[in-house]
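Asks: One structure follows; several queries about it will come next.
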Amino acid sequence: MLISMLLPRSAGASVHDGHFELVEGAGLSAPPAIADLARELLPLPTTDGDALTFRIRDDPALGAEGYHLRVTPEGVAATAATEDGLRWAVQSLLQLVPDGAPRRLPCLDVVDRPVYPWRGSLLDVARWCHPVPFLYRYVDLLAMHKLNTLHLHLTDDQGWRFEVRKYPRLTEVGGHRRESPEGHAREGREDGVPHGGFYTQRELSDLVAYAARRGVRIMPEIDLPGHTQAAIAAYPELGNVPSRQLETRTTWGISTHILNLSDATISFVLDVLDEVVDVFPFEYVHIGGDEVPAEEWRANPDVLARAAELGLDDVRELQGWFAGRLADHLGARGRKVGIWDELVDRAAPPGATVFAWQAERRVRVALDAGHPVVAAPQSHTYLDWAETVDDPDEPLAINGPLPLEKVYDYHPDEGVIGVQGQLWSEYLPTTDLVEWRAYPRLAALAELGWSGPGGDFGEFRQRLAGHLGRLDRLGVRYRPLG
Ligand code: TNX
């Protein structure tokens, strides 16, 4: 049966007579990491004891993230095969605890596990460098929704946000963009506003550790070889016309300026990735590969020579070769790569995980090419799109509409490893707007990811109404239900 308090909905549950009342000083026993998390998140102080127990127990039926949560009149007992499973049990417990006394929990049995191992949220911090405290809050909200992966889009034409110790100009120069009259001319779009900022490696390492305590892994993305105008502004020798001084791009859209593929540029990129790997322990590093206009390559004799030497008919195939160099380098460091789905048509490195973002059918194309695939089609998962296009109060967005129901009702192709919601930030200059766009659609995506497709939207919407009360208490600036 369905437990109305749980969002995402659980795989299986039953409710029994009676209740357990959680009181101040209730005894807690759990592995140290889980005890710390529960103490931090529960609304009441606890002591050592057996009223709330969390235990690791080998149970293949629960998989890597599942858990069993049982409430009896005597207390709460959770088991899972892993600490991750226990973390999700803590999140479910929090949803069962009423806000305010008496904190009575119904007696129940929840046996729960996710349908997809990859439940992601992309946040673009390159277009706007959202403040570090917001990233912590963002992670808290992901964990609350049992989303397990934060994809941080750290670099783009308009800004480079990842501190690289070996190449400080990436953030000194590439971390800033100037005011631009050309952008201002496009009224209301926040184009042309000067902006700057970056994250130190220390800040990101601390964020990674905080997220890990909540079961959220962070996948960094360094978008290459396109979307790199900020890097080329910082180090012109990376570009196709080394004597040309570009600036960090000041308007939205795709830059035509991309990396050249010289040996020096490749070793520069590998140095950058080495520093990325030092900061982000997660198994995956995303190396981009979207939207690479090839005109500059066609006009660059060195690139043409490289293509000829490799026997490639089309310079665009160099993209696959380049990604392969990066994948080999990262592979030697124990990492796998994530790539955008354009690379599937350009000899993508075998085994790379494809993020299929273009048309929905690209998910199938990537699967058929033999890749692990995260379904991220813009039609269903681009949460930066407006929910409606006929509401005059709707803030400006890059595209739309993408209503809540469409996100919820998405049926990814059979065989994907998961789903991911994207928040590109061209039109999300403030954290309030990020939250407005993210919620409640990210809650719908989270349920799709955890509970699988085919949920009843009407029922979800009712459960969501209660869930929004939780977001209210946290001060989340979500978009109210229409
Ligand atoms: C396409 S999706 C992009 C981003 C934009 C986004 C806007 C993708 C891999 N590239 O650079 O921000 O559209 O919706």
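In case you wondered, yes, glycine gets a Cβ from its N, Cα and C as well.
These came from TrEMBL, pasted as-is:
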type	residues	note
ACT_SITE	GLU291	active site, proton donor
COMPBIAS	174-193	compositional bias 'Basic and acidic residues'
DOMAIN	49-112	domain 'Beta-hexosaminidase bacterial type N-terminal'
DOMAIN	116-452	domain 'Glycoside hydrolase family 20 catalytic'
REGION	174-196	region 'Disordered'
Asks: Can you give me the average pLDDT across the domain 'Beta-hexosaminidase bacterial type N-terminal' (49-112), rounded to a whole number?
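Replies: Here the predicted model's pLDDT, averaged over the domain 'Beta-hexosaminidase bacterial type N-terminal' (49-112), is 97.
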Asks: According to DSSP, which of helix, strand or coil covers GLU291 (active site, proton donor)?
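Replies: Assignment for GLU291 (active site, proton donor) reads coil.
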Asks: Taking the Cβ of GLU291 (active site, proton donor) as the reference point, list residues of the same chain whose Cβ is under 8 angstroms away and which are at least six residues distant in sequence.
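Replies: Set apart from GLU291 (active site, proton donor) by at least 6 residues yet with Cβ under 8 Å, we have GLY226, HIS227, ILE254, TRP340, GLU342.
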